[in-house]
Amino acid sequence: MDLAQRDHNVIWHPYTQMKTAALPIPIVRGEGALLFAEDGTTYIDAVASWWVNLHGHAHPHIAQRVAEQLNTLEHVIFAGFTHPAAVELAERLIQILPQNQKRAFYSDNGSTAVEVAIKMAIQYWNNVGEPKRKIIALRDSYHGDTFGAMAVSSRSTFTAPFWSYLFDVKFIDVPVPGEEEESIKQLEAIAIAGGAAAFIFEPLVLGTAGMVMYTPEVLDRLMGICQKYNILTIADEVMTGFGRTGRTFASHYLQHQPDIMCFSKGLTGGTMALGLTTCSNQMYEAFLHHDKSKTFFHGHSYTGNPIACAAGLASLDLLLKEETQQSINRIVEQHTQFAEKVKQLQYVKETRQQGTILAVEFEAGGTSYFSNLRDTLYNFALQQGVLLRPLGNIIYIIPPYCITNEQLQQVYQTILGMHGLVEEAQ
Ligand SMILES: *Cc1c(COP(=O)(O)O)cnc(C)c1O
């Protein structure tokens, strides 16, 4: 029996309707931006394997650092003990994060990084003796799939069975260009009403919503309101972190500094699962007390895993290299040129770009129309040797930084071909 069939007999895949899904494609090797399938087909990984991969697959520098770590220390309990990789990674990140970020709390993935952030914010207000209950979020946001993360995420069909179990969240509209004032008004009204503990947001780009983008200027205004009304700000940089937006962190575009930040995805260059929540000294100090009930009682078995931290260090070495910064700038330029071109096409409603992230939104002729077309477009891209996962009528590219110009051209050509299919389907 081949691998796909064996998989089909025992595995339940994420975000997959197992009744109708095609058999999964067995991948046996990766190198640079390419994935090699068992049958010899290659795919350009234009979505960085769910937005995690920064420097290409099986990168030798990361592989070597991880191998060394495996042969030295694979794991150690992270309460009462520590190890060099966790300390060095935190030190190096704190140097490049917004200046107020002074403490690093490790976990396992993006959702746990968000859980930690929300729990920190709520307990902060308890610890300082001013309990506040409300959490504010952007209406179409995505912060993960665990319960707390789902609660602060959009109330979509994905989470519908759980709605009644999710804590109450005050949602404000995403301040997309032209609709900034409405969001500002909504946030102000909630702030004035009082009792708001924190505002959580995906800075500049809402990924799962369809790479929906808004400006640093309006985010600064929202953060200014939070500051004025003593509402903590939580920047979820799980997707935007580590160069994606053109700067190392999306928060580097802002005047204000968030109180808490969340990271995962690119944190290890896409090699290991690792989550990180960082915070300011003001946050941290509210947990220092002789009274043990003020402790942050949260942790995971694999907190601060040395192999994951080693991958993080190796990825950071690569990210900060001049060569990588040049690649990021190159991708930004190529995207901009392609966006200019594709924008002219009849069935392209809009293009959006923030750094290395490019979204092309096709005209949607009704939702059912696009739910079928989505699969056609996905399969068409695979036939062209390109991995692109459309979000409905939105196609996006979020490539590893090592992708070559030739590979980018192949991805762009595939998107032009998709436009042809959209046209035919009219
Ligand atoms: C992917 C994502 C998460 C969840 O991360 P997981 O590692 O998949 O749990 C949280 N926030 C944002 C902005 C994300 O894009």
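Placement of Cβ uses the backbone N, Cα and C atoms for every residue, glycine included.
Note that TrEMBL annotation is computational and uncurated.
The substrate binding site annotation in TrEMBL covers Trp50, Tyr142, Lys265, Gly299, Arg389. In the three-state DSSP reading, Trp50 (substrate binding site) counts as helix. Every protein chain considered, the tally of other Cβ atoms within 10 Å of the Cβ of Trp50 (substrate binding site) stands at 15.
Summarising the annotation, TrEMBL assigns pyridoxal 5'-phosphate binding site to Gly110, Ser111, Asp236, His300, Ser301. Taking a C-beta cut-off of under 8 Å and a sequence gap of six or more, Gly110 (pyridoxal 5'-phosphate binding site) has these contacts in its own chain: His143, Gly144, Ala149, Asp236, Val238, Met239, Cys262, Phe263, Ser264, Lys265, Gly275. DSSP gives Gly110 (pyridoxal 5'-phosphate binding site) a helix state.
Counting every protein chain shown, 29 other Cβ atoms lie within 10 Å of the Cβ of Lys265 (substrate binding site). The N6-(pyridoxal phosphate)lysine feature in TrEMBL is assigned to Lys265.
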Query: Out of these binding-site residues, Ser111, Ser301, which one has the fewest other C-beta atoms within 10 Å of its own C-beta?
result: Ser301
Query: Between the binding-site residues Tyr142, Asp236, Arg389, whose Cβ has more other Cβ atoms within 10 Å than any of the rest?
result: Asp236
- prompt: Near ligand 1, which of the binding-site residues Trp50, Ser111, Gly299, His300, Ser301 have CB less than 6 Å from any of its atoms?
  reply: Ser111
Query: Roughly how many Å separate the Cα of Ser301 (pyridoxal 5'-phosphate binding site) from that of Trp50 (substrate binding site), to the nearest whole number?
result: 25
- prompt: In DSSP terms, helix, strand or coil for Lys265 (substrate binding site)?
  reply: helix
Statement: Mapped onto three states, the DSSP assignment of Asp236 (pyridoxal 5'-phosphate binding site) reads strand
Field: His300 (pyridoxal 5'-phosphate binding site) and Tyr142 (substrate binding site), Cα-Cα, nearest whole angstrom
entry: 22
